[in-house]
Structure formats: C-alpha cells, structure tokens
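Noted in TrEMBL for the protein shown:
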type: BINDING; residues: A:Leu8, A:Ser9, A:Gly10, A:Gly11, A:Leu12, A:Asp13, A:Ser14, A:Ala15, A:Thr16, A:Ala17, A:Leu18; note: ATP binding site
type: BINDING; residues: A:Cys192, A:Cys202, A:Cys205, A:Cys208; note: Zn(2+) binding site
There are 2 protein chains.
Amino acid sequence: MANAVVLLSGGLDSATALAICREAGFVAHALSFRYGQRHLVELDAAARVAEALGVAEHLISEIDLRRFGGSALTAEIAVPKDRDAQAMAEAIPITYVPARNTVFLSFALAWAEVLSANDIFIGVNALDYSGYPDCRPEYIAAFERMANLATAAGAEGRQHLRIHAPLMTLTKAEIIRRGHALGVDYGLTSSCYDPGADGRPCGHCDSCQLRAKGFAEAGLADPLWQRFAESD
Amino acid sequence: MANAVVLLSGGLDSATALAICREAGFVAHALSFRYGQRHLVELDAAARVAEALGVAEHLISEIDLRRFGGSALTAEIAVPKDRDAQAMAEAIPITYVPARNTVFLSFALAWAEVLSANDIFIGVNALDYSGYPDCRPEYIAAFERMANLATAAGAEGRQHLRIHAPLMTLTKAEIIRRGHALGVDYGLTSSCYDPGADGRPCGHCDSCQLRAKGFAEAGLADPLWQRFAESD
C-alpha cells in the first residue's frame, strides 16, 4: 500500500479526487490550508470529507496568502453573482488567488518527500471553468517536471513524482457521476464562494451555479440542499 | 524602475544576490520566512541586510515546514561538524529541508504577480555545495518554465517571469569578491547552521567552513568575526 498526498479543499472536486485516490488503493494523506480565505466553512467540509472517505492523516497547514493581496477569496472584494456562462469564460475571475495551486502543490511536494510518496492528487479541472491558469494540463505537467528535479529523493532516484489530476478533462456532470459511483456524499462538501455562517450556499456565485448545472446534467439531486432543507 | 522579489535568508549568498538585484536597478522587495528553523538569528540578519542594502519592503512570511519533518535545520538533529570537503560532497546533507526552495519560490511567485514584477532573485549556488537538489540550474530552469504557466498575469501575456540565480556558477570566493565590490557588509550576515544565542558562528559546521575557505581564497577578512571580537 503506497502513500499519496491529496490536496483537499472541502469542495466537490477535491472530494472526488480523494475518492479516486482511495479507489486506486493509495493510503491517502489529506492536506488542507488555512490560507487567509474569508470562509472557514470549507475547512469544516474538508474535515468531514476526510473522515468519511478514510484518510491516514488530515493536516491543515497555516499559511498567509492575504499578505500578498489581490483576490476576492482572501480580501473584502465582492464575489460576482448571477453571471452567465459567457461572462464566466471571458476573463480570469477575481476569485483567482495568485499562485495558489503552486503554493499548495509545493507543500504537498514537501510532505510527499517525507512520506516517501510518489503520488500527489489534485482536483483541478480545465473544462467547466477555464479561467484559472494553474488548472491547465500544461501547468500541471510543468509542475511535475520541476518537482522531479526539486527533491533529494528524486535526485537520488528514490522518488518519481506523479501529479495526478484525474478530473482534468471531465465535465462537472461527469465528476459528479464518478464520485456518486464511488460513494462520495456530496452533502458533506462546500463549494460556495460566499456561504452563510452556517455554511449555507448563496446559490448565485459562479461556483454555486456550476455545481447546480452539474447536478442537473448528471440527473442527480444535490444532497447539500437537502441537508439545509432538513435544518430549516 | 521595475519591481523584483528577492529571497533573503540573511546569509552571505542571498545578501550578495540582493546587492546584484539593486545594482541592476530593480526596486527590491525582500522576502524571508519563519519556517520552523531552529535559529531565528538569521531573520535578524535578514532585517539588517535588507535595511543596509535598501529595499522597498521586507516581508517575513510565517510557514511551518516542521510539520512535514525530516531536517536538521528544523528538528533536534545534530548539525555535522568539522567535515572535510569530500564528506560534504558525498551525499545530500541532513540540513536539507524537503522542497524548501520550491515553497520559497512559490511564495515569491505569488508576491511577484501582485507586484506586477517579472523578476525573482535567489542566491542559490551549484558549485561549492552541490548537495542540495533544488540549487541546480536545471531545477531553476524548470521552476521558471512552470511559473510562466502558473499565473493569471502570465496567461494574459502581462508577465514574463525570470528566476535570476546570479551566483549559480560562482565559487564562494567569487561571490564574496563580487559582494565586496558592491559594498555588501558581510558582518551583517549570518551563515552558521548552529550559532550561539547571540548569533556567534560555531566555526565548525559545513557552512562556517565554506565561508572561512571563501574569505581565505578571496584574500579578505570576514568582518563577522571582527564584530564578535569587538564585543568580547
């Protein structure tokens, strides 16, 4: 049984990536970040998902990306609401956090070396929401190449790193169907960019809209809404 | 006047890299890390060097690499002393911190994007101490390639990142001569892996030995010793 490091945000995509990692037979070590995001609801979701899917360890690393500034996810900038698909596709969204995936993958790389793990899983996706540059396949390939030159274990031939991005070319509906088949309880996840204090999704940000469209296309009900309907 | 981000550890090499960055006409933004290192003497040194060489801003980022384990620089493992050059060259030293330069450069990348800076300076060197995999030219080139795919500014053609490693192929004596010519006061820096509480170097670790050899070959006295001789 080989170790793997899985980046786990608490969202729908990373929960599915974790399920795929477990299905492939890896011992999963989940890594989340308190990075100055405005909403810590997603870290609660990450902890629930990690427990439900069975990880060897769930580590939350503290870093402060706010100090560099410049994102609606970490600063008091309004999250855009009710945008259509074309508006979403037109430009890099203001919810982009500078170099976030590079920072996250770098920490995953450090942990992978200590664990003697060759495998890192990340739930990035290039189809549904192509605005993030650090979600593209050419970026992931370049990170993998760099990573294999970065570590002592790699330099000594003891480590051959592979960055797995199993959702890269799937639609949101395909991701949901895949996770559903693997038994992921999406009611535990959190996708909203602007949730209420209790974690209730706003229903209008880009992420909520893409999630709703994905469940509709997959022909499934989103169990997250059921959870909040029950608590009303 | 263009902005640049300079990784500044407080050691001899990064002080020289900062002086080279300033000489090239950049507005320098110095970045240091409190990363769980046992000795905070080097952060005091970084602050002294940043002030002496003139930076627009000196930011100390808090990250905790100790949680991943596995290095004499962050854990209670003894630092090797009085090793000869062959012993130093034989294997990757236990002072290696997993993926450290990758983590540091990732934060520099995030800051560079926010500053609209194309240039990042790092004082790595492949000659004198070749044990660190993330100090090799092929590693730096691979990071630069990845970085140019990672950012929104890069994806939109507004940023063309260059990772400058101006000390890469210099000997320690050449680095010291270069910094001396640029007016670097090496008495402000700290290189020792195992300093006293007042910052006094041990004189026996690999880093102290390489520094002493460098000053001897450069035909210069190390002003650091002078500083401690004066305080005796």
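Glycine residues also receive a Cβ, built from the backbone N, Cα and C atoms like all the rest.
Whatever TrEMBL says is automated annotation, not expert-curated.
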Residue among the binding-site residues A:Leu8, A:Leu12, A:Cys192, A:Cys205 whose Cβ has the most other Cβ atoms within 10 Å: A:Leu8
For the binding-site residues A:Leu18, A:Cys202, A:Cys208, the one whose C-beta sees the most other C-beta atoms within 10 angstroms: A:Leu18
Fewest-neighbour residue among binding-site residues, criterion Cβ within 10 Å, set A:Ser14, A:Thr16: A:Ser14
Alpha-carbon spacing, A:Ser14 (ATP binding site) to A:Cys192 (Zn(2+) binding site), which is rounded to whole Å: 14
Rounded Cα-Cα span from A:Cys208 (Zn(2+) binding site) to A:Leu12 (ATP binding site), Å: 11
Set of same-chain residues at least 6 away whose C-beta sits under 8 angstroms from A:Gly10 (ATP binding site): A:Ser32, A:Val41, A:Glu42, A:Leu43, A:Asp44, A:Ala45, A:Ala46, A:Ala47, A:Arg48, A:Val49, A:Thr189, A:Ser190
Length of the line joining the Cα atoms of A:Cys205 (Zn(2+) binding site) and A:Leu8 (ATP binding site), in Å: 21
Integer Cα-Cα distance in angstrom, A:Cys208 (Zn(2+) binding site) to A:Leu8 (ATP binding site): 18
